[in-house]
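*Asks:* Below you'll find the structure I mean.
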Amino acid sequence: MAKEISSELLNTILTRVGGPGNIASCGNCMTRLRLGVHDSSLVDPDIKTLEGVKGVILTSDQVQVVFGPGKAHRAAKAMSELLGEAPVQDAAEIAAQNKRQLKARQTSGVQQFLAKFATIFTPLIPGFIAAGLLLGIATLIATVMHVTADAQGTLPDALNFMKVFSKGLFTFLVILVGYNAAQAFGGTGVNGAIIAALFLLGYNPTATTGYYAGFHDFFGLPIDPRGNIIGVLIAAWACARIECMVRRFMPDDLDMLLTSLITLLITATLAYLIIMPLGGWLFEGMSWLFMHLNSNPLGCAVLAGLFLIAVVFGVHQGFIPVYLALMDSQGFNSLFPILSMAGAGQVGAALALYWRAQPHSALRSQVRGAIIPGLLGVGEPLIYGVTLPRMKPFVTACLGGAAGGLFIGLIAWWGLPMGLNSAFGPSGLVALPLMTSAQGILPAMAVYAGGILVAWVSGFIFTTLFGCRNVNLD
């Protein structure tokens, strides 16, 4: 398919989802065009057969069309332009569609909630990947070249320059999250950013680092700015809800002057008194749970084995707050490489299908087109084009991923926990230089590479033995 998404393809998709009048919203994540629909019964599931479409996920109120990285953003932009030219519906049609949309929302509340995480974090993912890659490459060069932290010269300066982006991102990440979260929950982004900044300020007048807020208690009550990303998400949600309530009774002439002012005062009070302590407890509980799962080999196997299923249902974005919590508590994201084993297991399954298929079959052509993205960590083409339509290979791919997760869990259990140097990043082979551990980058890279190899081989063996029986290999 060409680099640009053809208007003919988008018009065909638009027709098969029920036309412009059936579209409630248009957006994208890293690999998918996401179309909110009023009536899912009007959607033709054969969209997945269109040339250039790598897969389709249907929910009660959304159609997710898999295009791949980069293409999804261009598709969403072009689709928005097409929808902007669509005729306006009359009030009766809009009312009827809103009723159907409300009903759909009531039947998929969990998916609707998790979809918010995609809205909040997807715009940040390119930055996570770029900063993480720069940090990983700089760390690898420093390790190989034996560059110490206090070294002087052109090379150390260049390496420090490459690392500064990661420091900047994670120092002020909560402000970006607060802005996006407030918007996602229906509020004003800058209000969420201001509230998030309260979690960054220091409240100890004797501290020598950070930014002192100017007071150390809240009307005599101690301030404990814990919770980080969890607290910020709760505070941003509260900020958006309060803003909506204030705006209901605020006269239009005073809206710009007073709505945000009142919203910030109320939300900040709640943040200092309730949200910061609550966020801290939730943050500690979540970190404890996943740190113990990560150090439990069986827990790692279960997480890796189920992750492909989470991707299929579109709820994998719900892990991002966990990634951020682990970054704060461990200094690296130990969950991400475990979940990445799911994609590696699928690569092994696809190679087994390729080996068992006829030389000139369509299956071999499908695998050839999807295997390189799979090796580089983009799994949707393999999921929706190769394994999931045949079901058994999808199950054996999950088992292969579980084997890779078990391997990483065993190594962590034996004393070498490792993880991604960023909250989010690429998976597959591209993620190798982003691995880190207390023992250094090279041992972490070796563990990750070993996990990928185990997942490849296990996925291949499981699929060869159990995933090809009574399966269409044409």
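Cβ coordinates are placed from backbone N, Cα and C, and glycine is handled just like the others.
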*Asks:* Per Swiss-Prot, is Ile57 on the side of the membrane where Arg390 is?
*Replies:* yes
*Asks:* As a quick check of your reading of DSSP, tell me how many residues in the topological domain 'Periplasmic' (356-368) are helical, how many are strand and how many are coil.
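*Replies:* Helix (H, G, I), strand (E, B), coil: 8 helix, 0 strand, 5 coil.
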*Asks:* Sort the residues of the domain 'PTS EIIB type-1' (1-89) into helix, strand and coil with DSSP and give the three counts.
*Replies:* 35 helix, 21 strand, 33 coil
*Asks:* At least three Cβ pairs under 8 Å linking the transmembrane segment (369-389) and the transmembrane segment (302-322), pairs spaced 6 or more in sequence?
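*Replies:* Stretch pair touches.
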*Asks:* Per DSSP, what is the residue count of the topological domain 'Periplasmic' (202-217) in each of helix, strand and coil?
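*Replies:* Looking at the topological domain 'Periplasmic' (202-217) with DSSP, the answer is 0 helix, 3 strand, 13 coil.
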*Asks:* If we skip the immediate neighbours and take only residues 6+ beyond the ends of the topological domain 'Cytoplasmic' (239-260), which ones have a Cβ under 8 Å from one of its Cβ atoms?
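*Replies:* Those are 181-182, 185-188, 190-192, 195, 266-267, in sequence order.
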*Asks:* By Cβ distance under 8 Å, which residues at least 6 away from the ends of the transmembrane segment (158-178) in the same chain are close to it?
*Replies:* 120-121, 124, 127-128, 130-132, 134-135, 137-139, 141-142, 147, 192-197, 199-200, 228-229, 232-233, 235-236, 324, 327, 421-423
*Asks:* What parts of the chain pack near the transmembrane segment (441-461), using Cβ distances under 8 Å and only residues at least 6 beyond its ends?
*Replies:* 136, 139-140, 143, 304, 337, 340-342, 344-349, 351-352, 355, 396-397, 399-401, 403-408, 411, 416, 418-419, 428-429, 431-433, 435
